[in-house]
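Data first, discussion second: the structure below is written as structure tokens.
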Amino acid sequence: LMPIVYSIAKKTNKSLLYYVLPMTAGLGIGSAIPPTPAPMLITGSLPVDLGTVTILALVLVIPKYLISYAVAVPFAKRLYVPVPENAVLAPEKKEGAAGGPSFGLVISIVLLPILLILVSASAGMMTADSAGMQNFLDFCVFIGQPYLALIIANVAGIIFLCVRKGITMETVESVLAKSLQPVAMIVLVTSAGGVLRYVLDYSGMGTLIGNALQNANLSIILVAYIISTLMRIGVGSTTVALTMTLGIVASFPQISTYSPMYLACIGMSAMFGATSFSHVNDSGFWLTKEYMGIDLKTAFKSWTLYGGFCSILSFIVLYAISFIWA
């Protein structure tokens, strides 16, 4: 999406922040809806079904995006970020040039891994009445494993978007190398965060933080948000922060007394905390900094503060919903 953002910002002569911040907010909103990792982690850690989490996520989509856009505008007005000189712009369509892939084909490839994961989740909840049916369900569960589903989608993209268009394998290899390069840093940081999670677990530090906040007679939704925010700031990885927070909150004895919707609110508050205040120990911070071509000071003043404000305001909306609905 960045070449498109570069092109729009260059034509309008506006700050990159006008487009980058709302775009990333939109991408972040999608992480609250299954089958992304966050709702799966919530349902796996708390006694709440995926349907309840999905309903709450859909209710929060519009207010969360409005908040994200409203916060982005003053940041963009305050900080002007030009398009980097080495930015790769979206190619302009030339008259008489062959058309690109259809919208239906592109969206099908994008949705393919999501559909495979949904099929896998559905097959895992079914009961087979014969050996043949059981083998079929096992196969559906297998192909819907996240890593395999993404590999299948990549292969489909190479075949339908490259090979059938006559693009050489050398070009495909070059494109894949550039597009997959940022993933290495993400995998490294996430792995290191996972190691830190067990260090905190075995040292008892995570439980100590949770008990201290619980003894302060705070709402468990607020407790989950505070723990998750602290973990996010300390660890950096959203997934690790969310996983650790849900593990701590799930150990509270009163967790079994809450309604399904209240449990969903607890899980969602942990997710909002896990996406707040991205800084130097988060791979997304560095990716955004490099894509926008800004220095560390500007990255802190824009990306870090923007994520924090959006997280706090989204949590306030969720907290209000928990009083009304849950």
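Quick reminder: no glycine exception, Cβ is built from N, Cα and C everywhere.
If you look up TrEMBL, you'll see 16-33, 53-72, 103-126, 146-163, 183-200, 220-249, 261-280, 300-325 marked as transmembrane segment.
By the count of Cβ pairs under 8 Å, the stretch nearest in packing to the transmembrane segment (103-126) among 53-72, 146-163, 261-280, 300-325 is 146-163. Against the transmembrane segment (300-325), stretch 261-280 has more CB pairs under 8 A than any other of 53-72, 146-163, 261-280.
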